Every structure is written in structure tokens, then in C-alpha cells.
Amino acid sequence: MGATTPERIATETPQNSDVPLANVDDPLPSTYNQPSCDADPAPNLAPTDDKVPAPPARHRMSNARRYLLFTMFCVANMLDAYNLNALFTALPVIRTAFGLNEADASWIMSAFELTYAAFMLVSGRISDIYHPKAPFITGVFGLAILSLGSGFVKSGVGLIIIRAVCGICAALSIPSSLALIVRLFPEPQEQSVAIALFGGVGALGNVFGTMISAVFIEFASYRWVFFFTTIIGVPAAAVCLVLVPSSDSEGNTEQDKRGSASWLQRLKKLDQVGVAFLTVALILFIFAITSGSEDGWSSARVLAPLIISVFMTTGFFFWEARMPAEDAAVPPRTWFLPNFAVLFGASLLPYFWWTTVFAVFFPLWQQVYGWSAIKSGLRMIAIGISATVISFTSSLGRYVPRKLLIVAGHVLAIAGTILLTFGDAEDDYWRLVFPGLIIGSAGAMVIYMHVSIAIFQTAPSSMAGVVGAMFNCALQLGAALGLAIDTSIETSLELEDGPDGFFHFRGRRAVLWWLVAAVCAEMVAILVFFRTRGEPTAVSTDEKLGGMDEEVVRDEPRV
């Protein structure tokens with residue numbers, strides 16, 4: 001397989017064919033058009049037989065329209081990232097407004113992250129079996145409308161429930177955005193740049209969201225943190241509703257990829273059982289981790305959900321192994337793509353790092369030091385500056401091995417986090433915390449950028465929806481699980497320190513050292529298990545592809 005070149009046409013002989021080779025002196029068959037001397041230099045040699053129809057014309061979308069749509073996809077990605085972290089600045093105010101304790105307030109964050117991560121998997125399948133326009137519009141518009149409701153809700157439980165549904169809507173937009181980007185930018189080089197920029201915008205939304213919300217907290221109210229999503233999301237959804245084509249190209253329908261199956265038949269192909277298993281398992285696990293520090297790790301309230309979550313996670317992977325590969329939310333063959341497993345592990349780190357830093361320092365600055373929300377947001381601007389600069393380095397992969405870049409990101413994240421562990425006084429900000437935020441965020445962004453590129457390069461473009469879903473699922477899982485573990489560690493040590501434990505730095509320092517250990521462990525995994533091109537892998541090609549045709553995957557265009 002592969003591209004056919006003139007040299008191959010001239011030198012290769014068809015095998016096992018009953019059709020004799022034509023003599024070069026024989027005239028062309030009468031069924032072919034004979035070009036005149038004045039004909040185009042590239043004559044049309046297509047058969048004129050009416051039984052062989054000409055392929056339908058494919059209309060290329062204008063660059064202005066493509067770039068406008070790409071901008072809207074980036075806006076949707078930014079809104080999702082904004083919703084993940086904007087509440088860190090607003091959480092102290094929301095806790096006071098609804099009378100929530102620290103553990104309960106963490107569910108306002110975790111509810112969004114858990115549903116976002118779990119439903120990201122089925123969202124990838126939706127984008128593969130339906131046209132991605134529908135889930136994208138549904139996700140962006142649904143998030144915008146529900147955010148409007150979040151601004152008016154008057155109970156903590158109600159806010160947590162709405163945030164959970166918001167996570168489902170947000171999950172619909174990311175894999176569908178990636179699938180649409182792959183269609184808008186089919187050229188590999190252009191596609192790589194687009195995906196890198198898309199990921200960079202998401203990461204920037206992740207870090208700048210806290211500063212935007214700080215402005216609303218300072219000059220308006222926490223409700224405007226939610227209204228901002230509505231103000232941006234509704235116009236973005238409207239633009240995409242009009243401009244995103246409903247077919248792969250303007251003139252070709254989707255039947256070539258989705259066949260003639262009805263809407264209901266395609267719905268049955270979604271792995272609803274698998275996603276339900278994973279969602280419940282994650283919720284129970286987070287509940288157990290966040291409850292352990294207050295209720296005791298040996299209590300039934302902690303052990304029961306923890307044990308059930310382990311069994312349900314095992315059941316999820318067992319179910320996925322029994323599902324047809326084309327219907328599974330996480331096809332088992334995906335784990336055997338080159339470097340996919342170790343890159344999935346590395347994908348847990350970037351949002352985990354940023355979330356941990358936000359969770360440690362925003363409460364410290366606002367509730368211990370007494371800084372205003374706007375002052376705290378401005379002090380966190382170091383993260384945004386660093387991430388913005390690093391977002392322009394995606395082209396480094398052309399000159400430096402991707403593995404080396406990812407390892408360098410881990411080294412920077414470790415160095416920055418170690419500096420943060422010593423920033424336990426208000427006057428340590430410029431001396432220790434500021435450089436720690438700059439260096440650590442640069443490392444997290446390097447990991448984000450180059451893991452996002454590398455993980456797409458492991459798979460054929462036909463799996464772009466699933467791979468994109470799993471990558472973003474890993475990002476959110478890292479944030480959700482990391483926040484739960486952070487809360488458990490910090491709360492346990494603060495309880496040991498007595499009633500004023502919250503005002504001590506010991507629990508926060510322990511959280512930061514736990515972060516250092518996690519990044520070190522992942523760096524070792526990258527060094528040991530990440531295989532550069534040309535190195536032998538532990539399993540054969542046939543095993544890695546889980547039965548997929550090796551030639552098909554090798555010749556498939558890479559994202």
C-alpha cells in the first residue's frame with residue numbers, strides 16, 4: 001500500500017492477475033479519451049463508459065471561513081478550561097454564600113471535572129458515529145444556558161448538580177472540535193499547528209480563568225463568573241450553527257462514513273454501560289478520598305465506596321474488553337498503540353499541576369493573608385505569562401526529539417514545585433513563589449503541548465475522536481483525582497494541627513511535596529517506556545494494533 005509513484009508503475013508487475021500486460025506499442029483502448037496536441041498537459045485518462053461515474057466535486061472551504069470556525073472551536077475550548085478553574089478564585093465567596101465546609105465546597109469543582117472526564121469518552125464515540133457538528137453545538141449551547149442557571153441557583157446542592165450537568169455539556173464540545181479541526185485542516189503540517197494552537201488556547205483558558213473570575217469577584221459578584229460563559233458561549237454556538245457544514249465537504253454527505261444506519265441504531269452503538277460504570281466508580285472514589293480525612297480511613301463511610309469503586313473500575317475494563325472494538329468507549333487496542341499508555345499517564349499531569357497550585361495558594365492568599373480576589377488573581381498572572389510564552393514552542397518538535405522535550409517539561413515542573421514548598425510567608429512571594437510559578441507552569445505547559453502532539457501521532461486519523469477524548473479525559477482525571485488527594489492530605493494535617501490548622505502551611509507543603517513525587521514518578525516512566533522512532537517495542541505490531549491491518553494503519557494520515 002502507500003502512494004503510487006511513476007517509478008512503481010514502471011517497475012512493478014501485478015501479481016496473481018489474469019489480465020495480460022499491454023504491449024507499450026499497442027494503441028490505447030477506445031474507451032479512453034485521446035488528447036489532442038492542444039490538450040491540457042495533464043490529459044484525462046478516465047474511462048468514458050457511463051457505468052463509471054466521475055467522483056463528485058469537493059468544494060474547498062474558504063480560508064476566512066476556516067479560520068473563523070477554528071477561532072470558535074478555540075473559544076469553546078477556552079470556555080471549558082475557564083469553567084474548570086475560574087471557581088478557584090470565587091470558591092471562598094461561594095462557600096460563605098452557601099455555608100459550605102471545605103470538603104463540600106470541593107464538590108463544586110469535582111462535580112464538573114468528574115462528569116467532564118467520564119463523558120469525554122462517549123463524546124468521542126458520538127463524534128465518530130455522528131457528524132461532529134451536532135454534539136459541538138449541543139455542548140457549547142448547553143453549557144452556556146446551564147451557566148446562566150448556575151448564576152441564579154440558591155443552594156449549594158443545586159449548584160453542584162448543575163455543575164455536574166455542565167461537565168457533560170463541556171465534554172461534548174472537545175472531541176467534536178478536534179474532529180472538525182481534522183476536517184478543516186487535512187494537510188498534516190497545517191493540522192499539527194492547528195491542534196497545537198487549540199491545545200494551547202485551552203491551557204491559557206485554564207490559567208487565565210482565575211484572573212477573569214477575580215475581576216468579577218472584585219467588581220461585581222460571583223454570579224458573573226457563570227454569566228461570562230453565557231455571554232461568550234451563545235454567540236459562538238450561533239456562529240458555528242450557521243457556518244459549520246453538515247457534511248464532510250460541501251457537496252458530500254456523511255453516508256460514506258456512517259452508512260445508512262438510523263439515528264437510533266447509531267445511538268445503540270454508544271457504550272452507555274461502560275461510561276456509567278466509569279462515572280459511578282470515579283464519583284465513589286472521589287467521595288471516599290475526600291471523606292477519609294474527616295471520617296477516618298477505617299470507617300465504613302470511606303471503605304465501602306472505595307472498595308466498590310475498585311470493583312467497578314475493574315468491571316469497566318472487563319466490559320470494554322468484551323465490547324466490539326468499534327463500539328467500545330475505550331477500545332482495548334488503543335492501549336497498545338505505540339507510546340499511548342505512557343503518554344496517557346503524562347496527560348494526567350498538566351491540569352493536576354495547575355489545579356494543585358490554585359488549590360494551595362488561592363485560599364492561603366485570600367483567607368490567611370487577607371488579599372483581595374483581584375490581588376490574588378494578579379499574583380497568579382505569572383502562570384499565565386509563562387504558559388503563553390511556552391504555547392508558541394510547538395515547532396520545537398521539528399528540531400528536538402519529542403521525548404527530550406517532555407522530559408525537560410517534567411524537570412521544570414519539579415524545580416518550580418520545589419521552590420513553592422518554601423514559600424510559606426507573605427514576603428516570600430517575589431523571592432520564591434513567583435519564580436516557582438514561572439518555572440513550574442512552563443514545565444506543565446511544555447508537557448501539555450508536546451504530549452498533545454505526540455499522543456495524536458500515535459494513532460491513525462480515523463481514531464482521532466477516541467484519542468482526543470481519552471487525552472482530554474486524562475487531563476480532567478488528573479485534575480479531579482489530584483484535587484481530591486490534595487484536599488485529603490491538607491485536611492488531615494490541618495486537623496492534626498488543631499482549630500487553627502487551616503492557617504498553617506504544613507498541610508499545603510505536604511501537598512506540594514506529593515506533587516513533586518508524582519511528577520518525578522511520571523518522568524521516570526517517560527524515560528523508561530517512551531520509545532522513540534526506530535526503537536524496538538515490547539509487543540509486536542500485530543499485538544499493538546489489536547488485530548487492525550498493519551498496512552492500513554501505517555498508510556493512514558497522522559494527526
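The backbone N, Cα and C atoms fix where each Cβ goes, and this holds for glycine too.
Just so you know, TrEMBL annotations are computer predictions that nobody has curated.
Copied over from TrEMBL:
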type: DOMAIN; residues: 69-535; note: domain 'Major facilitator superfamily (MFS) profile'
type: REGION; residues: 1-58; note: region 'Disordered'
type: TRANSMEM; residues: 105-122; note: transmembrane segment
type: TRANSMEM; residues: 134-153; note: transmembrane segment
type: TRANSMEM; residues: 159-182; note: transmembrane segment
type: TRANSMEM; residues: 194-217; note: transmembrane segment
type: TRANSMEM; residues: 273-290; note: transmembrane segment
type: TRANSMEM; residues: 302-319; note: transmembrane segment
type: TRANSMEM; residues: 340-365; note: transmembrane segment
type: TRANSMEM; residues: 377-397; note: transmembrane segment
type: TRANSMEM; residues: 404-423; note: transmembrane segment
type: TRANSMEM; residues: 429-451; note: transmembrane segment
type: TRANSMEM; residues: 463-485; note: transmembrane segment
type: TRANSMEM; residues: 511-530; note: transmembrane segment
Query: Residues of the same chain, at least six outside the transmembrane segment (302-319), with any C-beta under 8 angstroms of its C-beta?
result: 273-274, 277-278, 280-282, 284-285, 287-289, 291-292, 295-296
Field: Stretch of maximal Cβ-Cβ contact with the transmembrane segment (404-423) [cut-off: under 8 Å; candidates 134-153, 273-290, 463-485, 511-530]
entry: 511-530
Field: Sequence-remote partners of the transmembrane segment (463-485) [C-beta within less than 8 Å, at least six residues beyond its ends]
entry: 84, 106, 109-110, 113-114, 116-118, 120-121, 123-125, 127-128, 132, 171, 174-176, 178-179, 182, 282, 285-286, 289-290, 330-331, 334, 340, 344-345, 347-352, 354-356, 359, 448, 451-452, 455-456, 514-515, 518, 559
Query: Taking the transmembrane segment (511-530) as reference, which of 105-122, 134-153, 194-217, 273-290, 340-365 has the most Cβ pairs under 8 angstroms?
result: 340-365
Message: Cβ pairs under 8 Å only, please: of the recorded stretches 105-122, 340-365, 377-397, which one is richest in them relative to the transmembrane segment (273-290)?
response: 105-122
